[in-house]
2 protein chains.
Amino acid sequence: MPQRLSSASDDFEPRFRDLLAGKREASLDVEDAVRAILADVRRRGDAALIELTARYDALELTPETMRVPADEIEAAYRATAPETLQALELAHERITRHHERQRPQDDRYTDAIGAELGSRWTAVESVGLYVPGGAASYPSSVLMNAVPAKVAGVERIAMVVPAMRGALNPLVLAAARIAGVGEIYRIGGAQAVAALAFGTQTIAPVAKIVGPGNAYVASAKRQVFGTVGIDMIAGPSEVLVIADGANDPDWIAADLLAQAEHDRAAQSILLTDDAGFADAVERAVERQLARLSRQETARASWEAFGAVIVVGDLLAEAPALADRIAAEHLEIATDDPEALFALIRNAGAAFLGRHTPEVIGDYVGGSNHVLPTARSARFSSGLSVLDFVKRTSILKLTTEALRALGPAAIELARVEGLDAHGRSVSVRLNLAGDAG
Amino acid sequence: MPQRLSSASDDFEPRFRDLLAGKREASLDVEDAVRAILADVRRRGDAALIELTARYDALELTPETMRVPADEIEAAYRATAPETLQALELAHERITRHHERQRPQDDRYTDAIGAELGSRWTAVESVGLYVPGGAASYPSSVLMNAVPAKVAGVERIAMVVPAMRGALNPLVLAAARIAGVGEIYRIGGAQAVAALAFGTQTIAPVAKIVGPGNAYVASAKRQVFGTVGIDMIAGPSEVLVIADGANDPDWIAADLLAQAEHDRAAQSILLTDDAGFADAVERAVERQLARLSRQETARASWEAFGAVIVVGDLLAEAPALADRIAAEHLEIATDDPEALFALIRNAGAAFLGRHTPEVIGDYVGGSNHVLPTARSARFSSGLSVLDFVKRTSILKLTTEALRALGPAAIELARVEGLDAHGRSVSVRLNLAGDAG
């Protein structure tokens with residue numbers, strides 16, 4: 001049974017704090033092992049990559065067979081069932097259309113003293129996309145990571161995906177084909193991150209690495225950060241469902257289980273103002289669990305990390321609690337979800353109304369499913385086009401603008417004890433008419 | 001003497017690669033020491049903070065004296081010379097006006113199938129601002145870090161600044177007063193980062209920590225990342241000046257030295273198409289060095305990391321080299337700086353024309369001086385309002401929109417083996433008329 005909290009009980013605050021503080025993942029200490037792998041690939045390139053792939057993925061590669069050939073990608077695409085292709089293509093089209101609205105605008109203006117200022121956005125030149133192998137090798141994740149990069153104008157996307165004993169999920173290749181990603185290597189783990197960050201004889205280095213992975217991949221991304229950019233480090237999935245008693249308990253139970261089936265460390269929380277409804281949802285969860293193929297995972301998550309929070313009044317109490325939870329996914333299933341949503345600031349993605357299950361956002365809604373976990377929605381956002389562009393600020397002065405601003409800059413340089421700073425301005429003020 | 005590279009010589013490419021690969025900072029191994037400090041402050045709160053401040057800053061604090069009282073801030077402001085206050089206030093006003101243009105716009109729209117999508121931006125609730133002590137305790141940095149947070153709408157900014165033997169730079173307090181930052185603690189180092197991240201009895205935790213610091217502060221920020229957000233890890237300052245032979249060598253020499261005086265590990269690079277001009281700049285650097293109060297630092301930087309690159313044709317050769325250097329600061333001192341700038345994509349900030357010394361951007365230009373260093377302009381941007389807001393994506397479906405999108409979501413859930421995902425949609429499609 002998930003734990004039940006009631007905001008009316010005396011021990012609510014300490015129990016809610018414990019819920020927030022609860023660690024859902026054992027933090028594997030893989031840092032030293034990863035450090036050695038990174039150093040090895042950095043020093044020996046392909047040779048190290050090939051050895052490590054043989055050791056960890058039971059796959060013998062050569063520099064020639066590392067890259068998945070175009071005809072293998074094409075064959076995977078052609079072998080995909082038409083209804084699956086249609087679904088992937090609908091997802092691709094909707095994700096593309098939504099992300100096209102995220103392109104930031106350049107700005108350039110001249111202010112009152114004649115100084116020209118601006119911001120110019122350009123795409124990151126090259127991006128590495130990590131795709132996990134095995135059961136978590138999801139075609140939807142390929143689309144969610146590749147499309148924003150494509151929309152941003154990234155010229156080169158290099159995808160890596162581990163192929164245990166040579167096996168690749170053909171749907172991952174089909175999704176890559178749909179997203180326009182043609183440079184794919186059958187490597188994974190920390191060694192793949194190293195190859196993308198430092199480059200090898202066969203793989204050119206990239207400027208930024210994105211995509212989910214296991215503890216080794218996460219540690220490798222942390223360690224190469226600085227050499228390259230990285231996206232967020234994704235934790236286990238989570239949902240907060242705010243629901244009143246007018247919902248069908250079966251619908252809400254299904255939503256809670258859709259998170260729970262991802263991972264034993266996933267977290268599903270129901271927040272409601274109706275204790276009887278909460279009971280009905282818990283019973284519905286039990287009924288549905290019996291029929292799930294991933295029953296074992298979903299039950300482990302629900303029993304260890306699931307929670308039901310009952311409050312007296314949703315509008316009065318839910319927003320503050322939701323902000324403290326700062327959920328990756330926030331579902332609001334009430335008659336007026338906008339009223340509640342307007343009072344909540346911390347959430348990766350919001351799903352409003354009784355007919356908006358979070359799962360639509362996982363696949364075909366159009367918004368991104370790479371979202372901040374573990375309360376990081378307090379300070380970060382889901383993956384977007386902004387993650388694949390960077391801004392250069394621009395300043396351009398006339399001699400008059402320099403004369404207007406120069407004395408203040410000289411004064412600040414003086415009080416900060418930076419002579420050469422002051423001189424870089426004063427030398428131009430004295431001589432502004434003579435050169436240039 | 002700085003090294004001289006010529007694009008016409010046979011060894012140019014390997015020498016340019018060495019220039020890019022050169023490590024300018026010894027990486028101190030402070031990770032374990034910092035880990036212990038973080039754990040101590042997390043466990044013991046104020047008591048640990050007070051002990052560590054006594055040990056590292058030779059300052060005896062109590063919970064009551066940790067925070068700088070309002071009258072001390074006010075007194076520092078009142079004691080500031082009028083010309084300094086005027087310069088700080090001009091800087092504050094210009095930085096505010098420029099950053100106000102960076103506020104992202106919310107987006108909300110209904111697509112062809114009746115699905116409502118959107119992006120909503122909200123401010124990070126609370127931010128910790130680290131300000132270094134000692135010689136690098138710059139009032140300009142207080143403005144550059146605090147103003148974007150204020151413009152973003154951050155409700156609480158908690159500033160920390162180490163006070164060795166109790167001494168605080170009054171200009172830092174004056175700048176905080178001008179920026180509207182009133183919550184200031186006289187603590188620093190990894191222990192201050194820990195206090196901001198985890199909170200103590202006296203200091204409430206924040207959601208994000210920004211600001212520069214030494215190796216301990218940088219390591220602490222890396223280690224608390226995840227618990228809180230952090231900004232970039234700033235490395236030593238750097239400038240790339242692209243200049244033709246028509247410049248006054250004294251002006252360009254002053255610009256190179258304005259970076260070099262920051263830090264022995266700073267880097268100043270001149271890229272020119274005129275070898276004679278390069279010689280003249282080098283002579284001017286020598287002349288100016290003799291007069292600098294920070295001569296020793298500037299000379300060490302210039303001789304160890306300075307470089308002069310001579311090419312045959314600026315327009316043809318400079319852009320590719322500039323993109324590989326990906327400088328924090330890029331100055332273009334030519335007749336048509338826009339033509340060159342249009343061909344360069346990697347730079348933190350660009351200063352265009354002969355009358356735009358980078359130093360104006362350090363203080364009063366209006367753009368931010370917190371910029372990506374160490375080639376990270378390939379994948380990241382300077383500090384902006386975007387660093388203090390986060391985006392929640394929004395999805396809201398009608399029953400019709402759910403019917404239109406549901407089958408594709410169910411199909412993708414099926415091929416990914418996620419039953420509960422499929423059920424969360426199908427349960428609503430079968431019953432869509434019955435509830436809600």
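Every residue, even glycine, has its Cβ placed from backbone N, Cα and C.
Under the heading active site, proton acceptor, TrEMBL lists B:Glu328, B:His329. What TrEMBL records for B:Tyr130, B:Gln191, B:Asn214 is NAD(+) binding site. As annotated by TrEMBL, substrate binding site applies to B:Ser237, B:Gln259, B:His262, B:His329, B:Asp362, B:Glu416, B:His421. According to TrEMBL, the feature Zn(2+) binding site maps to B:Gln259, B:His262, B:Asp362, B:His421.
Features recorded in TrEMBL, as mapped to the structure shown.
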{"residue": "B:Tyr130", "record": "NAD(+) binding site", "DSSP (3 states)": "strand"}
{"residue": "B:Gln191", "record": "NAD(+) binding site", "DSSP (3 states)": "helix"}
{"residue": "B:Asn214", "record": "NAD(+) binding site", "DSSP (3 states)": "coil"}
{"residue": "B:Ser237", "record": "substrate binding site", "DSSP (3 states)": "coil"}
{"residue": "B:His262", "record": "substrate binding site", "DSSP (3 states)": "coil"}
{"residue": "B:Glu328", "record": "active site, proton acceptor", "DSSP (3 states)": "coil"}
{"residue": "B:Asp362", "record": "substrate binding site", "DSSP (3 states)": "helix"}
{"residue": "B:Glu416", "record": "substrate binding site", "DSSP (3 states)": "coil"}
{"residue": "B:His421", "record": "substrate binding site", "DSSP (3 states)": "helix"}
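Across the structure, B:His421 (substrate binding site) and B:Tyr130 (NAD(+) binding site) place their CA atoms 44 angstrom apart.
Proximity to chain A (CB-CB distance below 8 Å) holds for B:Asp362, B:Glu416 among the recorded positions B:His329, B:Asp362, B:Glu416.
Maximum C-alpha to C-alpha distance over the listed NAD(+)-binding residues B:Tyr130, B:Gln191, B:Asn214 is 13 Å.
Sequence-distant neighbours of B:Gln259 (substrate binding site) (same chain, six or more apart, CB under 8 Å from its CB) are B:Ser237, B:Glu238, B:Val239, B:Ala266, B:Gln267, B:Ser268, B:Ser301, B:His329, B:Glu358, listed in sequence order.
Around the Cβ of B:Gln191 (NAD(+) binding site), a 10 Å sphere holds 28 further Cβ atoms from the protein chains shown. On a Cα basis, B:His262 (substrate binding site) lies 14 Å away from B:Asn214 (NAD(+) binding site). The recorded positions in question are B:Glu328, B:Asp362, B:Glu416, and the one with the fewest Cβ neighbours inside 10 Å is B:Glu416. Comparing B:Gln191 (NAD(+) binding site) with B:Glu416 (substrate binding site), their Cα atoms are 46 Å apart once rounded. Neighbour counts of Cβ atoms within 10 Å were compared across the binding-site residues B:Asn214, B:Ser237; the minimum falls on B:Asn214. In sequence order, B:Met159, B:Val160, B:Val161, B:Gly188, B:Ala192, B:Val193, B:Leu196, B:Ile209, B:Val210, B:Gly211, B:Pro212, B:Gly213, B:Val217, B:Lys221 constitute the residues six or more apart from B:Tyr130 (NAD(+) binding site) in its chain with CB-CB distances below 8 Å. With respect to their backbone Cα atoms, B:Asp362 (substrate binding site) and B:Glu328 (active site, proton acceptor) stand 12 Å from each other.
Within the set of binding-site residues (B:His262, B:His421), the lowest number of other Cβ atoms found within 10 Å of a Cβ is recorded at B:His262. Taking the Cβ of B:His329 (active site, proton acceptor) as centre and 10 Å as the limit, one finds 26 other Cβ atoms among all the protein chains shown. With respect to their backbone Cα atoms, B:Glu328 (active site, proton acceptor) and B:Glu416 (substrate binding site) stand 44 Å from each other.
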